[in-house]
Amino acid sequence: MAAHHRQNTAGRRKVQVSYVIRDEVEKYNRNGVNALQLDPALNRLFTAGRDSIIRIWNVNQHKQDPYIASMEHHTDWVNDIVLCCNGKTLISASSDTTVKVWNAHKGFCMSTLRTHKDYVKALAYAKDKELVASAGLDRQIFLWDVNTLTALTASNNTVTTSSLSGNKDSIYSLAMNQMGTVIVSGSTEKVLRVWDPRTCQKLMKLKGHTDNVKALLLNRDGTQCLSGSSDGTIRLWSLGQQRCIATYRVHDEGVWALQVNEGFTHVYSGGRDRKIYCTDLRNPDIRLLICEEKAPVLKMELDRSADPPLALWVATTKSSVNKWPIKGILNFRSSGDYENDCSTPLSPICSQPDQVIKGGASIIQCNILNDKRHILTKDTNNNVAYWDVLKACKVEDLGKVDFEEEIKKRFKMVYVPNWFSVDLKTGMLTITLDESDCFAAWVSAKDAGFSSPDGSDPKLNLGGLLLQALLEFWPRTHINPMEEEENEVNHVANGEQENRIQKGNGYFQVPPHTPVIFGEAGGRTLFRLLCRDSGGETESMLLNETVPQWVIDITVDKNMPKFNKIPFYLQPHSSSGAKTLKKDRLSASDMLQVRKVMEHVYEKIINVDTESQTTSSSNNEKPGEQEKEEDIAVLAEEKIELLCQDQILDPNMDLRTVKHFIWKSGGDLTLHYRQKST
């Protein structure tokens, strides 16, 4: 079946905006490593991270700092990578539903394939044919000609792909032989499905495993297949006989990763039990425990620069990657240094790795403070940090302190509505803004720590300010479209226009390296760019296609959202002896301070005798009016108490805080007033 791939646009889909708070250069894997590829010719190791980043390392042991570069374009876990074209091209598969094609030598993304509709979990590569297959949770397998992929350009951006149908469940593993004549998939269906990729014909279905098939390998001519499963077994299959010919029960738990030597005689296996074994396929009882990792094994890569291999690179759910020496271990069959009594625990032959690609810490816990601006996090090294969501930066490293105590220490009796969500999936803070609540949080400039040029204390919308900062470099946001023509007429001639352009929000900027992601609510990424790059011609064009209207409204059209209103009732307190008023439902901004309600009570209810003196028109302010207002404010605080649930309210508190922390009930907020006893 032929299918065509083109760049998607936002259309009518619900689009969210996300951004990642991080350093400009993230040198270390910040989470588990899902995949490895080794280029022995250049001494380079590629690691595919759960932090969404592919990194390139120099594995020459004499190098003090092995980091070379990062390949960044994915927005979710990178689940698999394959090196093609003698190491020139890298293909990657991600949970962001895309397959990407990279220049492996220069480290940039050449094209993005959006054919999959769900997480892409596995890739397979036929070296002799330069053919790659991709598969994932959408149950689809697509075949890609690598030479066609590397020839894609901005104008020539359509590629035809073949697909293999028939899978009934999510695919987690894939293998293709070097000659490109056989492809095998493993899935939660617990069976192996086999196709001929040349004709896309299904050849057979192999049953035997009792759980998800997580790892697959084929020999060169495609006659034998090895599978590793969450059921804890490794199976060897004869495709000619269409059956399992051997079962290896080496591990205590699920088998997630396999490697095999060139002769297809010895299998290296790892998984949930953290142990890595080498097993002789010709004699299932002959096995050797190479090492024990500190975390479950996700992927292994043999150093094939020599035969037999000299080393095994191992990636786990931790962020460091280890190189274990295996030189000479294939001779263990004749040396007698192995255990063939499976009931006797084996001792690992390696206690320390030869080389470690050190990883960084991953954020594993977070707490959004009740100012709804700052976040406390705890990482895998038990370090606590303090972050500013609005400015997209880390404020302070607090070290190994008590996380819960820090939360208590920073508690304020203030309520701000939720306006963003946090995701820790990549091990870094990813903040997502959604149209449904992005504009829910208003604060005063003073409370936010911002000063206004005219000395006033305007109300600021946190979500609106942030969107303006994230798109500050996008030219379309610089001039209000209503004023654009007038500005050009008035200022171009004298060169003043550039100076007149207002960028951003006028209060703060976010770090220019901040990644900004536009994606569907379901998780599919539409466009990723760095904040500073939105001024580029290509980026501007893609933003025009992708940015949803709710973001355009605030960043381009400068239409601020409306204030949130809160309904409430105002009644005399039972202790005041005053007659209960007619129950009128009042409404005010949820940021209205209690003192303003006290002033209303003093002016309109208690002090009725002077009412005529305090209702002057706001359009015709008279001398002394400001003083009169200040007098009323002072008198109101001296004479009036406002209560909620019989608790006296702080005049500085706002209505939303009263409702959240004190009212705590369904229905409309009810406030009671009384005169202070003298």
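Including glycine, each Cβ sits where the backbone N, Cα and C put it.
Among the features that Swiss-Prot reports, compositional bias 'Low complexity' is placed at 610-621. Residues or ranges marked as region 'Disordered' by Swiss-Prot: 608-629. Residues or ranges marked as repeat 'WD 1' in Swiss-Prot: 28-67. For 73-112, the entry in Swiss-Prot reads repeat 'WD 2'. Taken from Swiss-Prot, the feature repeat 'WD 3' applies to 115-154. The repeat 'WD 4' feature in Swiss-Prot is assigned to 166-205. The annotation repeat 'WD 5' is assigned in Swiss-Prot to 208-247. Positions annotated as repeat 'WD 6' by Swiss-Prot: 250-289. According to Swiss-Prot, the feature repeat 'WD 7' maps to 292-334. The feature repeat 'WD 8' is assigned by Swiss-Prot to 358-397.
Counted over residue pairs separated by six or more positions, the repeat 'WD 7' (292-334) shares at least 3 Cβ pairs under 8 angstroms with the repeat 'WD 1' (28-67), which defines the two as touching. Among the recorded stretches 115-154, 166-205, 208-247, 358-397, the one sharing the largest number of Cβ pairs closer than 8 Å with the repeat 'WD 1' (28-67) is 358-397. Mapped onto DSSP helix, strand and coil, the repeat 'WD 8' (358-397) counts 0 helix, 22 strand, 18 coil.
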